[in-house]
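Features of the protein shown, as given by TrEMBL:
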type	residues	note
TRANSMEM	116-149	transmembrane segment
TRANSMEM	189-210	transmembrane segment
TRANSMEM	222-240	transmembrane segment
TRANSMEM	267-290	transmembrane segment
TRANSMEM	311-330	transmembrane segment
TRANSMEM	336-355	transmembrane segment
Amino acid sequence: MASFVEIDRYNLIPLSVTSLCGCPCRPLSNKTLNLPQRSPKVRLKLVFHGTERLFPVRTSRIYINRRVITAVVRSESESLDESNVKEEVDKGHVLPTEKDSLADQQHKSSQLRKRIVFGLGIGISVGGAVLAGGWVFTVALAAAVFLGAREYFELVRSRGIAAGMTPPPRYVSRVCSVICALMPILTLYFGNIDVSVTSAAFVVATALLLQRGNPRFSQLSSTMFGLFYCGYLPCFWVKLRCGLAAPALNTRIGAGWPFLLGGQAHWTVGLVATLISFSSIIAADTYAFLGGKAIGRTPLTNISPKKTWEGAIVGLGGCIATSVVLSNIFCWPASWLSAIAFGILNFFGSIFGDLTESMIKRDAGVKDSGSLIPGHGGILDRVDSYIFTGALAYSFVKILLPLYGV
């Protein structure tokens, strides 16, 4: 499409048009339109099909459509004025598109409002579940795990991934989603689910091997990873929140906690560690996003082109700062070096989980894992940073802190 037309006083130079068609149903072709150098009367009409007219101007001048411009320039030898012609042509370059800009701004504003409203709702709900602990926390986690597992197996069955592999049968995907949802509940009840997970993996592998047709290794690998990624890893949050029941005696908030809500004994090491970990992950995501927007220049990885090294560094700083501040408030852990180490561990677990889910979505050829949460996408889009972090946080509190006595 020619971006401008240069018109002399009485001459029209040759005009190259990539697509010139009066009827949208005809195929477009690349042609060169040569207009005569001198003509007593020349009419040039360029029509590009559009859908909605923004505002009309007189027929001899310019029409603007939403996506397309219809320009009519009449050149008559007896009344042609060079300055007027060039002025009319120049108008074609800078015609405003206020309606399009307004529509885009309204759409972005609407998405931002949805994102804020649903983000606050999710944050309050998750905070309440974490404070409640026990079965409330576990059932809420199991529901999120079930929805996340469904999204994962739908991604595995998508065209982008399924084009290079054979996805597992749909009944296997549904059974695996249920197994993943049961894992947090079994963790709370038994405390350890290694035998249960191994048994479930054996049953699923047997079902895949005995299915009709030709079993494929891709089916087995994607299913086993789904059980591990969507089911086993989230169980560490149950171990962290509900399994570490030793009271955090130095926590000042616990001293004034109402007796009807459990009193000081309600504030356990598991509750404090979970609150600090969740808050650090939120801070890491927020600061990384703001830092990338403000000073991001160097891409972090090809998996997620929008992530930058500058944003990651800012996110790391925000995560460590949040961990240190909350450790001073809760008086846990006792050493500020331990608080810094805990923040670093939370950051790397967060960004690794985020990049893992981005890799899955990239192979699937989708932007979001789902559309369950307006303005946010799917469940996996919101919890990807938490999937690996639970195991790291639990290992840190259960093994490293007692090992070094801090």
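Indices start at 1 and increase along the chain as displayed.
Glycine is treated like the rest: Cβ placed from N, Cα and C.
Since this is a predicted model, take the numbers as computed values, not measurements.
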Sequence-remote partners of the transmembrane segment (267-290) [C-beta within less than 8 Å, at least six residues beyond its ends]: 123, 126, 130-131, 133, 237, 240-248, 251, 253-254, 257, 307, 311-312, 314-319, 321-323, 326-327, 330, 332, 342-343, 346-347, 349-351, 354, 385-386, 389-390, 393, 397
Cβ contacts under 8 Å made by the transmembrane segment (116-149) with residues that lie 6+ beyond its boundaries: 176-178, 180-185, 187-188, 226, 230-231, 234, 237-238, 241-242, 266, 270-271, 274-275, 278, 282, 372-376, 378-380, 382-383
Close approaches to the transmembrane segment (336-355) from elsewhere in its chain (Cβ under 8 angstroms; 6 or more beyond its ends): 276-277, 280-281, 284-285, 288, 301, 303-304, 307, 312, 315-316, 319-324, 327-328, 384-393, 396, 400-401, 404, 406
